[in-house]
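Visitor: One structure coming up, written as structure tokens, with questions to follow.
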Amino acid sequence: YETFFFCLRAPFPRNMIENSMFEEEPDVVDLAKETPVYPLDPDEVVYEPRSSRLLVRGLGENDLEEEEEDYESSARLLGMSFMNRSSNLRNTSSPYTRQAPSGFCSMPSPRALVIGVFVLVLAASIAMVVYFLPRCTFTKDGCHQANSSAEVIYPKSSTGELFPWTEMRLPMSVHPLRYDLLLHPNLTTMTFQGSVSITVTAEKETKVVVLHSTDMRIIKTSFQGKELKTLEYKPWQQIAIQLEEELRPGQQYIFTLDYSANLSSSYDGFYNSSYTDTAGIKRVLAATQFEPLAARKAFPCFDEPAFKATFSIKIKREDGYISLSNMRKSKTTPLASGLFQDEFETSVNMSTYLVAFIVANMSSVGRNVSETQVSVYAVPDKKDQTLYALDAAVKLLAFYNTFFGIKYPLSKLDLVAIPDFLAGAMENWGLITFREATLLIGNHSSTLDKQLVTSVIAHELAHQWFGNLVTMKWWNDLWLNEGFATYMQYMSIGKVFPELEIGNEFLSTRFQALAKDSLNSSHAVSAVANTPEQVAEMFDSVSYEKGASILVMLNSALPDGNFQKGIIAYLNKYKWSNAVNQDLWSTMSSVTSQSFDVVQMMSTWTLQKGFPLVTVTRDGPRVKLSQEQFLLAAEQPPDIDRHLWQIPLTYINNSCSNSSACKNLFILKEKTGKLQIAASVKWLKFNYKNEGFYVVDYGVDGWKTLIDALRNDVNVLLPEDRAVLINNIFALSRLGKVSFRQVLNLLDYISNETEAAPITEALVQLEDIYRLLDKRQDLGLVARMETYITDHFGTLMDSQSWEMETSVSKQTLRSALLETSCRLGRQNCRDKAMKLFNQWENSNGTKQIPGDLMRAVFSVAAQSDSGWKTLLSSYKMSLHDSEKRRMLEALASTPDVRKIVILHAGLQGSDIQTPELPRIVRAVCQNFGGYLFAWDFVKQNWIQFPIGSFSLQSIIMSTTSQFSTQLHLDEVRDFFSTLKDGSSQMRVVDEAMETIKLNLRWMEKNVETLRRWL
């Protein structure tokens, strides 16, 4: 049956076929490209996202009933119905019937036998034809009644009429050219009215126009002076305009839709937000967040990235507010009603998810750069915190204009701090929106805070080219937007703001991407993304950090200047349009000079998940290199040996190791390769500064020579390369390739280490183990681990200054050391932290605590009842978001579970804004007293979380990643298996289960080693 049903499904498009070569993706029908050839039961509908205030970049709000199932489930159900029905047909239609014995048996003649066989074949054929005639709609209850073929093919709209489209992706019969949009938000009733006129061009003859709309009431639809009927199919957030006559290809038409809706109560679409000013007055505003699937919540539209168009926007508002949109405001008209109507210039050609508008009371600062007016907006109370962002944006915009060789195309660029905003930021063209914490810098802010704000600004400005000017064709290639923006944010800061020392932060994020991609639950960089959940789950470290990492690797393998030349050619070729993964590599290959095929090489990194483990075996001057997938899995999948990468290996040796000029390149294209080196070479170190996306195992002898070299001279390798060795050996320990004793042997050198990158990486790895032991309440091993960390890092911890520090690397180092020291309860650390806190409290906050020390100081203070109450009061009053975040983390770190009620405050968005909930959960889970409480909290409030969102991904991993027992594994599995909302199919659920299994396995294998050697 499985084979038969597969034949019935629509064929996969090219990109799905390529992905299926490498990924263990479920068999799903690609609704994006092909018309289903199996019947759709209107009662069996697809996934529709639930309402929530915790949405990231666009899951819609709908009122889908619980019993409604996803499209794939309906297809499987149909298959079950077929099996049951065909079984019955076989039983009832058999020509063999048992006869009473007649006493003898006659042999039929050959002619009779031939006729009998013919009759049997004919009967079977008729039965098959009868079955496949679409005469019955199947549901869970079987075949209710005979229906016409039309009822079988098309689902039912909300009115009960047939909806004339059967796919989740829109038809290509028309293409939008222009939207004329008028909006009137009412910030008292929290509703808005809208009217949109859409100019389209017909690509082929059609009598139906299908577009997106959700959670709005269509009042009137008109076309050429006539009012038309509009049907809605809520499960796919689509409406259909039915025409009396067919549209003719090549002709332009205008449709007008009048509608009304509530301002969204979630953080997507056109949503309402509020804050309390310093006078204690509650202020309201309306803002937008459309990426990826929420423009359809603000106006009917063709809400897919490839449907680019221009937008002319008008907004009615009350006096006392301003309105902003993507383009400059061209005029304001007073209306008789006392309102004002702002009209904006017509936009450039862009995708719907980049449209944005805001109605609020805000103040701004601005400056002109390269004929572009750059402005930074914030609520009036925080206007003084906008100057740093303005300076950073001006410098970065000038850099990008030069680097890309394409000038930013708009006449203005607004950066707006939204008081209640879920995503870190959103790259709306010409109107970038931010959380206040990622845009505003006050006098309480540290250099690390400036590093964060600059990073986010650099990321979003890079999107104005990668994502806005050139847009991925569909969300499966999201990395073309996010991977490039991530790469450019770090590269540009390194060039424009070298004092921010961004390199260590970029190294850390690449380590995190390796950890994520080492799991079987990971996905290819260019992956299948058909349903809303799949689209939402694409916003993860694979699309962002791994995407950036493979660009670093390609840049390091190309001759100097070739990478920049390639991306400029890519931008010029596809500007104002859309691109797919292959377009990038083809363009790169055509304009760069290299000794390898860029298309072939990079396809191995984007079309299959995971990354390679390179094993180095040396025999004198001969070096053997071999590759296999680095996969942390409790059970190895059967196809693991099929993975093969073309790896640009970089390496250095003892004769030259501290400069990029020392770097050598070798392309490993097969499973094994050979390298010849000088016999005098004492040691080899591969993956210079972690520019490649792979892990290296040097074998027992290779590791020994590297460890001995570090013991003799810690500076024989750059700090980045020392950090890479630490990261790799811990990863190999989890994989079972090296013993934990070898890990400890490498860390013996750490007492001589003084640089931030290797120390912070060592602390991250050791604290992961410490937390696992702590959560298992293995108190003996916990004490030994505390002693081990203190013995190796204690001297450096005690030598740290508690005064103001300007160097980013020194701030990074001391914050990591002192936070660990205080968390381990070292008295010297706790005493100094409380001294700073008391000075701050007694001065009513005028005596500043260095920003990089706030987390350590506040966390110590929060352990006492009085300190916790002081922090909560200060949190409510503070205007500085970096300070508020550290207070919040400290409040959540208390071991007193009675105070963890702040989880509920975050969920309700009362004293603590809902977007901070993932941060609260993560902090609560650091303590033994809190992590089980947090897991119970998530289970009890599950219905309020949005399926697939980044917030939910973060919450799930925070609450489960420290489980390491079979009991907890069973509990997590049982919880997700009982859910009926489709969330058990989320990739992050598989990741959580994998992580627990790996924790359990690692503990079983290494606990005795820890007891022996710690």
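Note that Cβ sites are derived from N, Cα and C of the backbone, with glycine treated the same way.
Take a look at what TrEMBL says about it:
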type	residues	note
TRANSMEM	112-133	transmembrane segment
DOMAIN	175-354	domain 'Aminopeptidase N-like N-terminal'
DOMAIN	388-605	domain 'Peptidase M1 membrane alanine aminopeptidase'
BINDING	HIS459, HIS463, GLU482	Zn(2+) binding site
ACT_SITE	GLU460	active site, proton acceptor
SITE	TYR544	site 'Transition state stabilizer'
DOMAIN	683-997	domain 'ERAP1-like C-terminal'
Visitor: Starting from the Zn(2+) site formed by HIS459, HIS463, GLU482, give every other residue of that chain whose CB sits within 8 Å of the mean position of their CB atoms, in sequence order.
Guide: GLU427, GLU460, ALA462, PHE466, GLY467, ASN481, PHE484, ALA485, THR486, MET488, GLN489, TYR544
Visitor: Rounded to an integer, what is the Cα-Cα distance in Å between GLU482 (Zn(2+) binding site) and TYR544 (site 'Transition state stabilizer')?
Guide: 5
Visitor: Which residues does GLU460 (active site, proton acceptor) neighbour through Cβ under 8 Å, counting only same-chain ones at least six apart?
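Guide: The answer is LEU415, ALA425, MET426, GLU427, ILE432, PHE434, ALA485.
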Visitor: Counting across all protein chains shown, how many other Cβ atoms sit within 10 Å of the Cβ of HIS463 (Zn(2+) binding site)?
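Guide: For HIS463 (Zn(2+) binding site), the 10 Å Cβ neighbour count is 24.
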Visitor: Count the other Cβ atoms sitting within 10 Å of the Cβ of TYR544 (site 'Transition state stabilizer'), across every protein chain shown.
Guide: 23
Visitor: What number of additional C-beta atoms lies within 10 angstroms of the C-beta atom of GLU482 (Zn(2+) binding site)?
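Guide: The answer is 26 other Cβ atoms.
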Visitor: Write out the long-range same-chain contacts of HIS459 (Zn(2+) binding site), meaning residues 6 or more apart in sequence whose Cβ is under 8 Å from its Cβ.
Guide: ALA425, ALA485, THR486, MET488, GLN489
Visitor: Cα-Cα separation of TYR544 (site 'Transition state stabilizer') and HIS463 (Zn(2+) binding site), in Å?
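Guide: Their Cα atoms are separated by 12 Å.
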